[in-house]
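Student: I'd like to ask you about the structure that follows.
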Amino acid sequence: MRSILTAAVAAALMAGAAQAEVHEVKMLNRGEAGMMVFEPAYVAAQPGDEIVFLPTDKGHNAESIDGMLPEGVEPFKSKLGDEFRLTVNEEGVYGVKCTPHYAMGMVALIDVGEAANVEVAKAVDHRGKAGKIFDGLFEQAAQ
Ligand SMILES: [Cu+2]
């Protein structure tokens with residue numbers, strides 16, 4: 001009995017691991033959407049997936065935005081120019097900014113599973129161009 005259970009648990013774990021995806025987000029001085037962008041800026045993910053922020057161009061980072069994280073998720077802030085890996089275990093939207101280019105609209109939205117915190121996250125005020133960029137990203141999240 002015990003070995004059957006162990007095998008079932010192992011199979012379930014392996015199935016879970018196989019389903020977890022890695023999503024790459026480039027940090028760019030110039031992308032398809034303009035200057036100073038995350039590309040893609042909108043990522044649809046599932047719990048357990050990993051988001052990898054790539055320092056394709058230097059001088060960027062990924063920092064969580066106050067009020068734009070699912071409950072229980074610790075705020076994060078990566079070092080400028082470093083690769084940053086974020087495992088998204090909690091369902092909800094994760095708002096991300098590049099610290100030096102936030103007002104230029106360098107923001108991203110990670111949309112994980114059923115996003116219960118969308119309305120709270122939408123209500124956050126932003127600097128400069130970031131608010132307009134987020135309007136577009138939330139439109140993608142609603143589709
Ligand atoms: Cu930047």
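Backbone N, Cα and C atoms are what each Cβ position is placed from, and that goes for glycine too.
Remember, TrEMBL labels are computer predictions, not curated facts.
Feature list, courtesy of TrEMBL:
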- 1-20: signal peptide (SIGNAL)
- 26-112: domain 'Blue (type 1) copper' (DOMAIN)
- His60, Cys98, His101, Met106: Cu cation binding site (BINDING)
Student: Including all protein chains shown, what's the count of other C-beta atoms within 10 A of the C-beta of His101 (Cu cation binding site)?
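Tutor: Its Cβ shell of radius 10 Å holds 22 other Cβ atoms.
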Student: Relative to the Cβ of Met106 (Cu cation binding site), which residues of the same chain, six or more apart in sequence, are found under 8 Å away?
Tutor: Met27, Met36, Val37, Phe38, His60, Lys97, Cys98, Ala130
Student: Within 10 Å of the Cβ of His60 (Cu cation binding site), how many other Cβ atoms can you find? Include all protein chains, please.
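Tutor: For His60 (Cu cation binding site), the count of other Cβ atoms within 10 Å is 26.
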Student: How many neighbouring Cβ atoms, not counting its own, are there within 10 Å of the Cβ of Cys98 (Cu cation binding site)?
Tutor: 24
Student: Determine, for the Cu cation site, the additional residues of the same chain whose CB lies within 8 Å of the mean position of the CB atoms of His60, Cys98, His101, Met106; present them in sequence order.
Tutor: Met27, Met36, Val37, Phe38, Gly59, Asn61, Lys97, Thr99, Pro100, Tyr102, Met104
Student: Kindly report the helix/strand/coil residue split of the domain 'Blue (type 1) copper' (26-112) according to DSSP, in that order.
Tutor: 6 helix, 42 strand, 39 coil
Student: What is the pLDDT of the domain 'Blue (type 1) copper' (26-112) when averaged and given as a whole number?
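Tutor: For the domain 'Blue (type 1) copper' (26-112), the model's average pLDDT rounds to 97.
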